[in-house]
């Protein structure tokens, strides 16, 4: 062993002798002090002209190009590079696994992986893997470049983790570093963060920015929905309605949530005309014409519209209810919805006041559908329908409805019939419609009733003829009233009822024919017909017109003896006549009657002022 070491030592000495080492430079010291470049403007050498610039740097699409992206480790200062643990064990840590996974995925692979992770809501893993992946190199040795879809996954992960709208806006601004432009989905994620944070003004500005940018980032239905719902929640109704208008003009689909918020806000703020406009615009588009609010909201719309006499909105509310009824009938098991009949009566009244035949037809149709043929409509519904047709001037349909009304309730007891078919109360709108154009309309209606009485299925109605009698009395035409009264028995073969005699008494009383009025009253009593409260009131009015307060009081006493209670209007009329005739004794009797029936008469100061005015011309002198 010692001999081998000796041989090795000698061999090394021989090599050094045969190959002596020489330095590269002959100078003992090589100065490497930097020198300043000469100023091109003061250089003695010839200036360089026509220098061609270099082409742009092809390396783009990742901010990592500004760093030392050739370094195999994307985080040279991270604890992973300074650890003394073997590299194989580092792959077992979560960060290490993400790092190694990022180096093996291309763009399509990571998109598919993110799609799987989104279903299991692994938002932190998506965020971490994306940050590792963009700092890793692809198969060509260059940093990975995401597209807008992959970056949107990263934005969504940050949103779900709890990033603020400002953080998301910063991330959107960083998309320019990757040479990609944010699209509509990118901005929608920011709008969601603003919606959760209730940042209304920022959301409006961002939506305006989206509208002013290119096609790729134009707002869609989701964008408008987020901003519009945010505006409705902060009671910015005008701006919200403006956004809905833009959304509909863009051809987008209006969500049920936005439509419901719009309906609720417009109803609460009384913006009924704006709501009608939105509904009409929705019905004009194929993708939005199927929208309708909830059942309870339909009821709220209908009640508000009827209180405001908005016939269009009331019609749309009933139309929405009809859709709900049809929808409930088509499901299995069926859900049978029905509209309250009182609501329908209110709708008929609205149709009458606004002269809207469409609302009238819709109201009656939905009532029939709600009843489903199990029972007839209530008398109030028939009376409302008659009132509506009478207001519209459609007397033919009004009398046709009266015929249906008599068919349904013509067999009731006498007191009920007197109340239902009285031309002074329930049928008075029909009386007014008949006398609107004077005798021309009255004669036309009479001749039509006469023709119907001779038809194959004859229609003869004392109630209809009573309306004509009272209509003649309204135009002070006693002759036509009396002829119509006689025609009840002679031409139609019917028997006059108490309303027929009352209408005739009214016609005599208006012309101050008190004696004839009393004769009619005595005649009906002789026939065994029991007078009602209206009969006594008409007789009292006839005496008052004739300035006979004592006779009016005697009739009131008979009325009380018959079991009727005089109305407040009747007592006030008698008291007024007593004061003007200076019959204070009768006035005291009227006061006693008012106390007896607990009727508060009240004062008539304003009437007395007008009655006591001095209409002479002495003050002029």
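The backbone N, Cα and C atoms fix where each Cβ goes, glycine too.
Keep in mind that TrEMBL annotations are predicted by a computer and have not been checked by a curator.
Residues annotated as region 'Disordered' in TrEMBL: 33-72.
According to TrEMBL, the feature repeat 'PPR' maps to 183-217 (among others). Remote same-chain partners of the repeat 'PPR' (183-217), defined as residues 6 or more beyond its termini with a Cβ less than 8 Å from a stretch Cβ, comprise 148, 151-152, 155-156, 159, 163-165, 168-169, 172, 175, 223-224, 226-227, 229-231, 233-234, 236, 239, 243, 246.
The domain 'Pentatricopeptide repeat-containing protein-mitochondrial' annotation in TrEMBL covers 341-487. Counted with DSSP, the domain 'Pentatricopeptide repeat-containing protein-mitochondrial' (341-487) comes out as 109 helix, 0 strand, 38 coil.
According to TrEMBL, the feature repeat 'PPR' maps to 497-531 (among others). Here the repeat 'PPR' (497-531) has Cβ contacts under 8 Å with residues 418, 421-424, 462-463, 465-466, 469-470, 472-473, 476, 478, 481-482, 485, 488, 538-539, 541-543, 545-546, 548, 562 of the same chain, all six or more residues outside its ends.
Annotated repeat 'PPR' per TrEMBL: 532-566 (among others), in sequence order. Summarising model confidence by region, the repeat 'PPR' (532-566) averages a pLDDT of 91.
With DSSP states grouped into helix (H, G, I), strand (E, B) and coil, the repeat 'PPR' (497-531) comes out at 26 helix, 0 strand, 9 coil. According to DSSP, the secondary structure content of the repeat 'PPR' (532-566) in residues is 26 helix, 0 strand, 9 coil.
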